[in-house]
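Residues or ranges marked as domain 'PurM-like N-terminal' by TrEMBL: A:33-143. The Mg(2+) 4 binding site feature in TrEMBL is assigned to A:Asp35, A:Ser46, A:Asp77. For A:Asp35, A:Asp77, A:Asp213, the entry in TrEMBL reads Mg(2+) 3 binding site. Marked as Mg(2+) 1 binding site by TrEMBL: A:Thr47, A:Asp48, A:Asp126. As annotated by TrEMBL, Mg(2+) 2 binding site applies to A:Asp48, A:Asp77. Look at TrEMBL and you will find A:His55, A:Glu264, A:Phe320 tagged as substrate binding site. As annotated by TrEMBL, ATP binding site applies to A:Gly125, A:Asp126, A:Arg150, A:Ser215. Among the features that TrEMBL reports, domain 'PurM-like C-terminal' is placed at A:154-306. The Mg(2+) 5 binding site annotation in TrEMBL covers A:Asp216. Among the features that TrEMBL reports, region 'Disordered' is placed at A:306-331.
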Number of protein chains: 2
Amino acid sequence: MSAAALGPGAEFDLIRRLTDGLVAPAGVTVGTGDDGACLEGGWVISTDLTLEDVHFRRSWCGPEEWGGRAVRAALSDLAAMAARPVAILLSLAGSADDRASGVLQAVGQGARAAAESLGAAVIGGDVTRSPARVAIDVVVLGRTDDPLLRRGARPGDDLWVTGHLGGAGAAVRMLLDGRRPPPPLEARFARPQPRLAEALWLADTGHLTAGLDLSDGLAGDATHLAAASEVGLEIDESALPVDPHAVEAFGASTALRLALSGGEDYELLLAADPALAAHREGFGDRFPGVPLTRIGRVVAGSGVSLRAPDGERRPAPSAFDHFPDSGSPPS
Amino acid sequence: MSAAALGPGAEFDLIRRLTDGLVAPAGVTVGTGDDGACLEGGWVISTDLTLEDVHFRRSWCGPEEWGGRAVRAALSDLAAMAARPVAILLSLAGSADDRASGVLQAVGQGARAAAESLGAAVIGGDVTRSPARVAIDVVVLGRTDDPLLRRGARPGDDLWVTGHLGGAGAAVRMLLDGRRPPPPLEARFARPQPRLAEALWLADTGHLTAGLDLSDGLAGDATHLAAASEVGLEIDESALPVDPHAVEAFGASTALRLALSGGEDYELLLAADPALAAHREGFGDRFPGVPLTRIGRVVAGSGVSLRAPDGERRPAPSAFDHFPDSGSPPS
């Protein structure tokens, strides 16, 4: 099996300790450090734990959307590996009140509807009581004979992203301020669109060399791709497809920062050989409304550097850290 | 795929709604309603969410044991299907304080140590912040070419259980009363022993017809086996291997009730054709200290009936319900 390197961060230090020195079990072809694990038979598996008051707040959207969002975010890990969704296992926890009032049932219905709309059946379920807040764990199962990994990017490759960046972060910032985001931004948070069909289409071109999905923010997530591929990444800030609604709400400078560090966009960061560029128009025809943008390049070296519009280079800011040194909760 | 029927209970009503009318995805050979799902390639997968103040309290044991217990309980689902453990995916959530003080790291170390001691590597990990309490999700991956299912029991089969019953329930009751359980009972709660090797050995005899693990209590869990196999089960109360330490702590009558409804023993309930009896001595030689006890029989009909020592029959009491109608928290 492959154990890919992770970028810096307290969260990843702990993950590293959990898997440090791991001996490969037979049948596991890709293990720790990627978006999912790969098993003999072409299976890809990943798990994602969503907690109330960490990943969402009760007032931000409805319980169907808590469940749907958890499923959509989890399925994004299959998009990251260019795997076709097959099924999910769903664990729900909620208080006796949430059970009695139907809130927990609505979470489950939203999760099931989202899974089925994206081609995954709910093949296992577990429901348990929680002391207070809702918790949702989603295990996703997909299939591919040729998983897209975080390692594989080579100097000379281009860097691409799907969709717009910063919209989910802008929505969260407005919600934290007690404001209702405009519908397009609210949708970016409440109903993220895992790029499953897009990933399969792009993988079919044969030009992708590495990829991952953007859950913690482009700047930080890119460090994982750089570390796993043992390359450097150069990103042009002026090329980033910043969400226009985020720009409208917060101005260009803040929107750029949200695009780099806001997290939860669930778009794809891809490395590809230069020939992918010739498929950009075909992608646009197939996926109208989903831009495919070249944002930089893969170079020899390590780490991620950003090139500002004035040409100045600086190291990438860190991604969302679940345990920031300041100790203050991020949301 | 197979969708096995579940026994009665509010928890299972909600699970049924999540999976009702499910269309079988290709590649999934056994789905909802069993201890795990089975995938082409011989994989068995299950997920188990453990929450502080529901499945354990902070004062009851150390953080290594919170993690270890979560993994042991999750791996018991592989024992239930007579699958060999291969790997786990581990999701941890804890407060910033638990991260800073090393508590979350200890949970992870305990989880990893338990997994490795039982033959499973940690091939994926995820760490996130929680508002307050610790949450642990464990996805287990095992392999078998011939999974033991809940369906398959036939009238004329015998019913067997491994180990002693009621010990974990007795420990929880003492802990809830603010008493420290004696070491053998504490171990039953803090370090349950999933019957992985025992299940493989027994499956190899070729005589098992159905099985599951006892997480919610024998009486309730048995209803799932009866429903899935479309048979009735008769259990002789006088035959139950009640934990002697539970009898010592609470007397025979309460200990029997804990054996029937206490939950979390993580022993196996098995149906087998009558020829299994000839292997009982071999089992005892191979697994000293783990009794294998015939506790009843499979009959035509439905449901579970208990035969009291005086010969009187009564329907089985319900298992631990995560959402009892009274609305009062069970622990």
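Going from the start of the chain as shown, residues are counted 1 onward.
Note: Cβ is positioned from N, Cα and C throughout, glycine not excepted.
The shown structure was predicted, so the numbers you read here are calculated from the model rather than taken from an experiment.
Here the features listed in TrEMBL are placed on the structure.
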{"residue": "A:Ser46", "record": "Mg(2+) 4 binding site", "DSSP class": "strand"}
{"residue": "A:His55", "record": "substrate binding site", "DSSP class": "coil"}
{"residue": "A:Asp77", "record": "Mg(2+) 4 binding site", "DSSP class": "helix"}
{"residue": "A:Gly125", "record": "ATP binding site", "DSSP class": "strand"}
{"residue": "A:Arg150", "record": "ATP binding site", "DSSP class": "coil"}
{"residue": "A:Asp213", "record": "Mg(2+) 3 binding site", "DSSP class": "strand"}
{"residue": "A:Glu264", "record": "substrate binding site", "DSSP class": "coil"}
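Confidence over the domain 'PurM-like C-terminal' (A:154-306), given as mean pLDDT on the 0 to 100 scale, stands at 97. The binding-site residues listed here are A:His55, A:Arg150; among them, A:Arg150 has the most other Cβ atoms within 10 Å of its own Cβ. Contacting chain B by the Cβ rule (under 8 Å between Cβ atoms), the binding-site residues A:Thr47, A:Asp48, A:Asp213, A:Ser215, A:Asp216, A:Glu264 reduce to A:Thr47, A:Asp48. Among the binding-site residues listed (A:Asp48, A:Asp77, A:Asp213, A:Glu264), A:Asp48 has its Cα nearest to the Cα of A:Gly125 (ATP binding site). The two recorded residues, A:Asp48 (Mg(2+) 1 binding site) and A:Asp77 (Mg(2+) 4 binding site), have Cα atoms 9 Å apart. Reduced to three states, the DSSP call for A:Asp35 (Mg(2+) 4 binding site) is coil.
Spatial neighbours are here defined as Cα atoms within 10 angstroms of one another, and by that definition the neighbours of A:Asp216 (Mg(2+) 5 binding site) among the binding-site residues A:Thr47, A:His55, A:Asp126, A:Arg150, A:Glu264 are A:Glu264. It is A:Ser215, among the binding-site residues A:Ser46, A:Thr47, A:Ser215, whose Cβ has the fewest other Cβ atoms within 10 Å in the structure shown. When the binding-site residues A:His55, A:Arg150, A:Asp213, A:Ser215, A:Glu264 are screened for a Cα within 10 A of the Cα of A:Thr47 (Mg(2+) 1 binding site), none qualifies. Here the Cα atom of A:Asp126 (Mg(2+) 1 binding site) is found 17 Å from that of A:Ser46 (Mg(2+) 4 binding site). Rounded to a whole number, the distance between the Cα atoms of A:Ser215 (ATP binding site) and A:Asp35 (Mg(2+) 4 binding site) is 10 Å. Closest to A:His55 (substrate binding site) in space, going by CA atoms and restricting to the binding-site residues A:Ser46, A:Asp77, A:Arg150, A:Ser215, is A:Ser215. Summarising the ATP site geometry, the residues cited as binding it (A:Gly125, A:Asp126, A:Arg150, A:Ser215) extend over a maximum Cα to Cα distance of 31 Å.
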